[in-house]
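Here's the structure we're looking at; comments come further down.
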Amino acid sequence: MVLRSCWKSRHKNNSGPVPRWTRLGLAVLFCLYVTQLACVSGSVGVTKNVVQKDAEFDVTYNDTVTSENQTIYAFNHTISRNKTEGVRVSVDVLSQSLESPILFVVRQKQAVLSFQVPLILRGLYQRKYSYNHVGRTLCQPPTRAASETQYFFVDVSTLSSQGTNYQLRVNRVESFTLQTDKKFSFTASPSQPQYFKYVFPDGVDTVIVKVNSDMNFPCSVMSVQDIQCPVYDLDNNVAFIGMYQTMTKKGAITVQRKDFPSNSFYVVVVVKTEDEACGGPLRFYPLRPDELIDAGNRSKVLDVVVSPAINSEVYVMGMLFCLGIFLSFYLLTLLVACLENRRMNKKREVYENPADMSPAETGKTPASPYEYGSFAADNGSTQSSEAVTDSATSTDNNYGYMERSLDSVGRSRQESLSSVEEDDYDTLDDIDSDKNIIRTKKFLCVSDLARKDKRILSKKYQIYFWNIATIAVFYALPVIQLVITYQTVVNVTGNQDICYYNFLCAHPLGALSASNNILSNLGYVMLGLLFLLIVLKRDIVHNRALVRNELNALECGIPKHFGLFYAMGTALMMEGLLSACYHVCPNYTNFQFDTSFMYMIAGLCMLKLYQKRHPDINASAYTAYACLAAVIFFSVLGVVFGSGNTVFWIVFSVIHILATMLLSTQLYYMGRWRLDSGVLRRIVYIIYTDCIRQCSGPMYIDRMVLLVMGNIVNWSLAAYGLIERPNDFASYLLAIAICNLLLYFAFYIIMKLRSGERIKCLPLVCILFTAVVWGFALYFFFQGLSTWQKTPAESREHNRDCILLSFFDDHDIWHFLSSIAMFGSFLVLLTMDDDLDTVQRDKIFVF
């Protein structure tokens, strides 16, 4: 009746008795509603048995938990503003074959920490590792009161219907706050991470946090995080915030006060579930995807110490020291220039008195035309050379020797060079018939290979400078942009495994993480600029001598072409810039930034050595840079694909040997051979006539000795690379270039002395000084403070403290010494043949 009275029709005219089927449906719905209410009230009535216990610190509680009961442990402790104590919760599960894990929830005043036991942590390829013993440190809430009592609760529950035994223990961490310069030892594992607090003392703005261990493995992670809750102290979340790095035996992070507004931070140490990130082996792959792997004992004993880093005074001292060293070279150069200028003035006074002049200085042919050199006894060669000279002189009046008049030689150097085109570089078309005669003589003189117009050759060699300047701009700009991006990523993510620094001696400055490694490259730039100034001074003096039609400048000494010297100085400056860019964030992907211009420098030095005695037939800038580009291309391929790739090493070794043989042939025949379809036929013919039909020695013995030694060295290096397959391909390639350069330089010095020439005092001092500096530089280079061939954690095992002014490490000293040694090497190349400045070119032998 109640339901019926509540039912009112909207159409009163149709108000009649309610149909019977409608009343039956409403009754069924009412019964269902009452049944549902009864079920819900019954379920609410079945409640868990919740037990709250007052608990104490340093007491072990053994208890059992099921799905029907829940235990809450209530703790209270007094905290003070001036003293920070850590609180650590340790849990052990004693039951085996658990149906469901136990959930522990720690409720604090301003934070909540929850974890399950057994704790499941994942590794690579979703491997699952189970840990029955878990220990976690609670995040300490801040307090403004001098002393305050705070409460926290540990809730223990599970969904398992079976009883699960566990142990719970809560204790205080007395040494929770680290003290400056005091070492603290502790033990950590994947399920028992540790973290400690450090507060910046007054007057200290930068500290370095060092974590060490006697154990390589298990692999661990150290992190520096701001004072906030929660603290990310598990393997799967430690990288979420702050700065972090993997470590085996050594780890170090430099921390600045300005990055932490609270003037304090947490030092977090986490042991990883697997060692792959530190270069260790991977465990077996489980048969089933969800199979739990027993992690075994992965406890690690470590110690941590926080020490003040250097202050601003040390930064200033390091910068002044760096500037002072290289500015002293400017002062020394100025002093030598003054002494040289005084010597030249005295020499000019001697020139004004013809009675005191030697035959070579007057331009008159001496009684014995080949007094200067050890080949003077070869009269046949002398007569042949003179005959060719006479022929060449009569063929073209533009090219002559000492017998021609100064009027024909000393054409005005003031005429414009704008009409000199690259197509005009080879200007011997009218005497092509003489090229094969002249360049294949048994004993060549510089005059035989200095027949082209000096203006055209100078223009040709200036292209070396302009090309390398263009290359430098296009190479450096994207490099700078990339390393800025690298540094930004490191600063934003905090991932210090991206860059391979020497973390024990990495001094931040602004956005840079290791300013000392960048500052130490200043020497390359300053000394490269100084070398350019020295070359410019010599170039100006030489051009003035040409304008005055001085005989020594026109017809004596090694032909002066300064284009390659300008290119070398520019390459040295770019080496400093790109090395600095590399050290912004040194790693596997940008190592070629540091080596590209090293290849350039080695190649340019070899070209300059060859140009000294072969000015007419030296390689063009385009060919030279194309070859160097190929070297850099192979360097990149080797870095990316060379590690353990047998096919790559076979291909590279074959190319290396073939290139060595082709270059040897080019050098032996002075370019008078052709690489065409008939080359194999000519090789077979030469072998038959010179080795089988009659055994004759090589015509050019000196060249043959050099090339045989060069082939032995290069074939040995190719065999070493093919057998050993070194991981550092870029350094291996650089070693090939340096070995060839040293071999050629030694050959040049030996042949120079063997030819009766001498080395003046200044280049001799430069040679000795440079050799000593190179020796010390290589010592510091091979100290190996870091290496990107290994994992970041393994690389840190090589890290060392600063050794110079508490600011520079061994690698910085390598930068200092190598820049000085390269500068000295360039000076040797520049001054080595100064003794020939007054010797006629037809008395200077080619080798």
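Each residue, glycine too, has its Cβ placed from N, Cα and C.
A TrEMBL annotation is a machine prediction, not a hand-curated record.
Among the features that TrEMBL reports, transmembrane segment is placed at 314-339 (among others).
Feature annotation from TrEMBL assigns region 'Disordered' to 350-395.
As annotated by TrEMBL, compositional bias 'Polar residues' applies to 379-395.
For the transmembrane segment (464-484), the residues of the chain that approach it from at least six positions outside its boundaries are 563-564, 566-567, 570-571, 574, 577-578, 581-582, 584-585, 590, 593, 596, 600, 604, 621-622, 624-625, judged by C-beta separation under 8 angstroms. Among the features that TrEMBL reports, transmembrane segment is placed at 464-484 (among others).
The transmembrane segment feature in TrEMBL is assigned to 518-536 (among others).
Taken from TrEMBL, the feature transmembrane segment covers 564-585 (among others). Cβ atoms under 8 Å from those of the transmembrane segment (564-585) belong to residues 461-462, 464-465, 467-469, 472, 475-476, 479-480, 483-484, 486-487, 490, 498-499, 512-514, 517-518, 521-525, 527-529, 531-532, 535, 591, 593-594, 596-598, 600-601, 604-605, 607-608, 611, 815, 819, 822-823, 826, 829-830 of the same chain, restricted to positions at least 6 beyond its ends.
According to TrEMBL, the feature transmembrane segment maps to 622-641 (among others). Counting residues 6+ beyond its ends, the transmembrane segment (622-641) has Cβ neighbours under 8 Å at 463-464, 467-468, 471, 588, 591-592, 595-596, 599-600, 603-604, 607, 648, 652, 655, 729-730, 732-733, 737 in the same chain.
If you look up TrEMBL, you'll see 647-669 (among others) marked as transmembrane segment.
The transmembrane segment annotation in TrEMBL covers 729-750 (among others).
Sequence-remote contacts of a segment are chain residues at least 6 beyond its ends whose Cβ falls under 8 Å from one of its Cβ atoms, and for the transmembrane segment (762-782) they are 336, 749, 810-811, 813-814, 817-818, 820-821, 824-825, 827-828, 831-832, 834. According to TrEMBL, the feature transmembrane segment maps to 762-782 (among others).
A Cβ distance under 8 Å defines the sequence-distant neighbours of the transmembrane segment (813-832), meaning residues of its chain 6+ beyond its ends; these are 322, 325-326, 329, 517, 520-521, 523-524, 527-528, 530-531, 534-535, 538, 565, 568-569, 572, 575-576, 579, 601, 605, 608-609, 748-749, 752, 759-760, 762-763, 766-767, 769-770, 773-774, 776-777, 780-781, 783, 803-804. According to TrEMBL, the feature transmembrane segment maps to 813-832 (among others).
Long-range contacts of the transmembrane segment (729-750) within the same chain, counting only residues at least 6 positions beyond its ends with a Cβ under 8 Å from a Cβ of the stretch, are 591-592, 595, 598-599, 602-603, 605-606, 609-610, 612, 631, 634-635, 638-639, 642-643, 656, 705-706, 709-710, 713-714, 717, 721, 759, 767, 832, 847.
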